[in-house]
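Engineer: First the structure, then my questions, so here it is.
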Amino acid sequence: MNGDMDPASKEQVWAQDDLMKLLDGMKVNLPEKDLTKYKTSEAHMDWEKVAFNTYSGDMCKQKWLELSKEIRKFRTLTELIVDAQDYIKNPYKGKKLKKHPDFPKKPLTPYFRFFMEKRAKYAKLHPEMSNLDLTKILSKKYRELPERKKEKYVNDFHKEKETFVVNMSKFKEDHPDLVETKSKKGSNVPEKPRTPQQLWYNHEKKALLKIHPDATTKDIKDSLGKKWTQLSDKKRLKWIHKSLEQHKEYEEKMRGLIQQHPELNLTEGDIVKTTLTKAERQLKDKCDGRPDKPPSNGYSMFCAELMSSMKDVPSTERMVMCSQRWKLLKQSEKDAYQKRCEQKKKEFEIEMNRYLCSISVEEQQRILAEQKMVGFKKGSSPASKKNSKAKTTPEKPKRPISAMFIFAEEKRPKLQQERPDLSDSELTRLLARMWNDLSDKKKEKYKNLEAVLKAESEKRGKEEKGKLPDPPKTAQDIWQHSVIGDYMARFKNDRPKAEKAMEATWNTMEKKEKIMWIKKAAEDQKRYERDLSEMRAPPAVVASGKKMKFDGEPKKPPSNGYQKFSQEMLSNGELNHLPMKERMGEIGGRWQRLPQKEKDRYKKIAEEKQKQYKVQLEQWLAVCRYSSSQRFNMQIKYCVKKTLRRAFQTNFEIVGSRSRTQREREREGGIFLIIISIFFYHVSTMFFFFPCGFNYPL
């Protein structure tokens, strides 16, 4: 049987050419300057890029681990001597190039010329000052220097810079072996496109340096810091178009590179998708004539129009005011808003179709994909995300954010203003360095926050885990559970080996052998979905037609705060313009947005109503018991009266019969009267012991 197959027999044999191709692939995917330990590089290697032919990334990694076991990882003294000889012959490799005696000296900037000239003088005048204080004073003095005096230092700098450029080109000619050249991959891969803000910043920086060549990086950042956000839409569009042109060229070069150099293992995923932010993309689309999306319903349209005239009102109060004013509107006015909204939607569809016909196929695909995603995410109401039935599996609890992440989120906005030239990834790297340089005392604050968030996350996770049913098992899991005992016995309780053998056996099993386990997995999935739907289902509301309501029975109150809130929203008529499905979705969304204080208030009201209901129910049941006993007594009297009347009629019939003797007639009449007397005695005794009657209404 398949269960007895040895997985080792299925192991794939690698040809020598394939092994060499594996090593070449690893070599190509190493960083340009591989200076880390081999274990670190091995751990960070993207094995999916190394994969080739029928060999997956995991197979390549496994084969490399097998190969590396056969190779020694220490260096002998002979090898170190060879490296030392190479260093003696060429001691100026890499970053040590500037230490070469022939390497030309870089010219000092205008500010440093001024600083070196004045430092000795100020140090004598102020011997008590530290180097840092002296630097601050001289920096301030240089900024206050008139342009006429600065010109001397600037001219000297330009002269020396020209000399430096000439000497540098000569050095490269004399020492071609020392000058580093980019690797094949690095030289082939085109430069990533710049964002509109980066292009604008570089342009403004060049213009500023022409006017103030001695300006420092800090001066440039201070000058250009907030100007990008203050640019008009027209000027910003100019840089958006330039960025898009650059991105288009970059995409063409990258696709050509992927086709021409498959050995680089580059894919479509390596191409930068976009250089625009969401706001920049919206600005560009608006300029191209893309119509604005209309509100989803009449209430949203009313809020949008009202909010435009409430700019001075705090954002937290705007929605409350909108809701209050909407309640004051007549139903006819609400219906008018709904009609206008539907009209806007029709106009939007026409305009959108017209706009799509006027743009390129790529842009059409992007916009249609965006609309599809928005429709999938948002649905038809604010609460549809919560009420969607498409999502059968619960969301996994989020991992608590780390101390470094809290620090980065706190510092990022300020850093973005100070360094607008940096991309998001460069900002992230800079924040990571700042975190590493932070003292342990300052890190303590963020670590405490991390501990608090972690505790909250664990608590939420336990609560969710406690509420959820057992997750469904796959066909493979069910099969493994049934055969685990045999495999553990075969491999002498070595669980990893047993699991590996079971996985290999499952992969080689035929489909007809798996059908039974697949059916069991489907049943388990149905069980899980059923349990989950029962758990998530709201308390059952029994329709009035399904349950008999007795006269005077008190009305059952809402069982929780949400039901009380729903009743209030449905009764005030505010959402009558919406269909019932959308109405309930809107109520759900509003409940989610309510502050916890308001939710607690509704919960308290519901609890009080429940207490009142219990008291009213007891009173009603007591009345029912009393009235039912009275009715029962009346019915008994009526029955006895009727029975006696019938008895006398029967007796008269017996007396009047000529077919019987006088003695027989008297005997039968007496027996009947005795039976009636016994029955009446039992009824009167029962009411003596049970004066309240029976506990059911008649």
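Note that the numbers count up from 1, one per residue, in the order the chain is shown.
Heads up, the Cβ atoms here are built off N, Cα and C, so glycines get one too.
Automatic, uncurated: that is what TrEMBL annotation is.
Look at TrEMBL and you will find 104-172, 190-258, 292-356, 397-465, 469-536, 555-621 tagged as DNA-binding region. As annotated by TrEMBL, domain 'HMG box' applies to 104-172, 190-258, 292-356, 397-465, 469-536, 555-621. Residues or ranges marked as region 'Disordered' in TrEMBL: 375-398. Residues or ranges marked as transmembrane segment in TrEMBL: 670-690.
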Engineer: What stretch, picked from 104-172, 292-356, 397-465, 469-536, 555-621, has the most CB pairs under 8 A with the DNA-binding region (190-258)?
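Structural biologist: Most contacts with the DNA-binding region (190-258): 397-465.
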Engineer: If you run through the DNA-binding region (292-356) with DSSP, how many residues end up as helix, strand and coil?
Structural biologist: 50 helix, 0 strand, 15 coil
Engineer: Under the DSSP assignment, what numbers of helix, strand and coil residues are found in the domain 'HMG box' (104-172)?
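Structural biologist: Per DSSP, the residues of the domain 'HMG box' (104-172) fall into 56 helix, 0 strand, 13 coil.
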Engineer: Mean pLDDT, the domain 'HMG box' (104-172)?
Structural biologist: 85
